[in-house]
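Feature annotations, courtesy of Swiss-Prot:
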- Gly170, Asp171, Arg172, Gln173, Thr174, Gly175, Lys176, Thr177: ATP binding site (BINDING)
- Ser374: site 'Required for activity' (SITE)
Amino acid sequence: MQQLNPAEISNLIKQRIQDLDAGATAKNEGTIVKVSDGIVQIHGLEDAMYGEMIEFEGEVYGMALNLERDSVGAVVLGDFLKLQEGQKAYCTGRILEVPVGPELLGRVVDALGNPIDGKGPINAKMTDKVEKIAPGVIDRQSVDQPVMTGYKSVDTMIPIGRGQRELIIGDRQTGKTAMAIDAIIAQKASGIKCVYVAIGQKRSTIANVVRKLEQTGALEYTTVVVASASEPAALQYIAPYSGCTMGEYFRDRGEDALIVFDDLSKQAVAYRQISLLLRRPPGREAYPGDVFYLHSRLLERASRVNAAYVEKFTNGEVVGKTGSLTALPIIETQAGDVSAFVPTNVISITDGQIFLESSLFNSGIRPAVNAGISVSRVGGAAQTKIIKKLSGGIRTALAQYRELAAFAQFASDLDDATREQLDHGERVTELMKQKQYQPMSISEQAAVIYASNEGFLADVPVEKIGSFEEAYLRYMHDEQADLMKEIDDTANYNDDIAGRLKLSLETFKQNHSY
């Protein structure tokens with residue numbers, strides 16, 4: 001029988017102890033003391049940062065929003081029903097990040113950037129912080145390039161430039177989403193990448209939007225970020241910031257991007273819900289005191305940045321190119337009340353607003369743009385030459401027509417000049433109507449506006465304006481394709497182009513029916 005050597009055994013044990021790497025890691029952990037309505041109170045997380053990701057058991061994450069003396073209030077980004085009092089919570093030392101890059105184009109993702117379209121994983125090479133500081137004054141460049149929405153009424157009267165924030169505001173069912181989707185569809189030839197953020201909407205509505213983008217081929221250059229009505233308030237609050245980060249990826253690399261927030265009223269409601277559950281003091285309309293900052297820090301990130309900023313950001317890889325992120329936030333009003341708390345906030349943050357009116361919508365004027373109180377504060381500098389030259393009198397004609405039409409109801413006999421003005425206004429109103437999902441190119445808009453300005457519509461019955469426009473544009477594409485291409489390519493306006501447009505109108509009216 002083999003004899004055991006105690007010295008050998010003790011040496012082996014000593015060797016094992018010396019070789020043992022316990023791998024002690026310092027972890028900042030706390031204990032959940034309360035869970036309710038998607039809000040978690042955690043005791044013991046002393047080093048938590050504001051906005052830091054908190055990890056719970058079962059791979060559930062949260063975000064620290066309230067840093068109190070002896071506890072941390074966090075919102076749960078996911079299913080809070082999995083959490084229980086007494087479970088551990090850990091600091092991650094990371095601020096919330098989402099995947100960014102061209103890999104997200106053509107995909108539908110949730111507020112955290114996870115794919116929800118059943119097309120497999122997104123192999124994004126980069127992630128970026130959801131909350132970022134907007135570019136400073138020195139890094140910016142003035143807005144002087146257009147974003148064509150394809151709407152005659154918008155591109156002529158309320159032009160939008162690259163890097164602008166233009167609010168779309170109106171009651172429910174006035175065509176706000178339709179206008180934003182058309183603006184995305186109109187970017188097919190412009191090279192502008194798009195992000196559509198759906199906040200607090202029904203899933204069926206979002207599915208219809210995605211289907212329409214797919215049918216028109218617009219999904220190829222668009223990312224859809226979804227935080228539907230059935231998702232926690234925390235995700236509805238974060239979704240716009242996530243979408244903005246995805247859009248900024250293109251802006252910072254010298255490209256142009258367009259982001260639609262549909263709509264920020266629901267984000268404000270979600271943030272109000274979170275704030276009240278975190279026991280923050282309510283203010284006007286029960287919104288928290290920082291609801292203005294909620295939207296201002298988001299919309300300030302939409303900007304046009306100069307070539308020096310892009311060159312510095314890309315470490316000299318992209319030289320001599322400016323980048324832009326254009327925002328179209330949507331706000332829903334109640335009974336046309338634009339002086340409510342959130343609408344006035346967003347109006348004061350943005351560079352103009354397109355006001356859609358339910359009375360115009362119901363009377364068949366679609367898009368239902370109220371030309372009187374819709375403005376674009378910086379877009380005028382970005383308008384293309386031909387549209388700027390031709391569209392000068394349209395806003396005036398419409399505003400005067402509305403005023404005179406109201407006055408004419410009470411007057412029995414009108415002088416010829418007034419009657420002429422009313423007739424012209426009626427035709428311009430009819431001309432500004434446009435079908436959904438049919439954005440118009442620069443040449444198409446220029447052709448029909450020229451016809452209106454030069455009096456070619458004066459003898460066309462009002463009810464036939466639409467069919468005249470369709471037939472004339474068909475004729476222009478068939479017979480004057482070179483002229484249309486020249487206008488689209490150069491966007492210039494000179495005597496030669498004016499003469500050719502005039503000749504084409506005279507020929508069309510003589511030889512074609514409508």
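Including glycine, each Cβ sits where the backbone N, Cα and C put it.
Mapped onto this structure are the features recorded in Swiss-Prot.
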residue : record                       : DSSP class
Gly170  : ATP binding site             : strand
Gly175  : ATP binding site             : coil
Ser374  : site 'Required for activity' : coil
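When the binding-site residues Gly170, Gly175 are scored by other C-beta atoms within 10 Å, Gly170 scores highest. Spatially close to Lys176 (ATP binding site) yet at least six residues away along the chain are Ile168, Ile169, Gly170, Asp262, Asp263, Ile330, Glu332, Leu356, judged by Cβ distances under 8 angstroms.
Excluding Gly170, Asp171, Arg172, Gln173, Thr174, Gly175, Lys176, Thr177 themselves, the residues of that chain whose CB lies within 8 A of the CB mean position for the ATP site are, in sequence, Glu332, Leu356, Ser358, Phe361. For Thr177 (ATP binding site), applying a Cβ distance below 8 Å and a minimum sequence separation of six or more within one chain yields Thr205, Val209, Asp262, Ile330. Residues near Arg172 (ATP binding site) in space but far in sequence (CB under 8 A, at least 6 apart, same chain), listed by position: Glu332. Comparing the recorded positions Gln173, Thr174, Ser374 on other C-beta atoms within 10 angstroms of each C-beta gives the minimum for Gln173. The Cβ of Asp171 (ATP binding site) has Glu332, Thr333, Gln334, Ala335, Gly336, Leu356, Glu357, Ser358 as same-chain neighbours under 8 Å, each 6 or more residues away in sequence.
Between Thr174 (ATP binding site) and Ser374 (site 'Required for activity'), the C-alpha separation comes to 15 Å. Counting in whole angstrom, Ser374 (site 'Required for activity') lies 18 from Gln173 (ATP binding site) by their C-alpha atoms.
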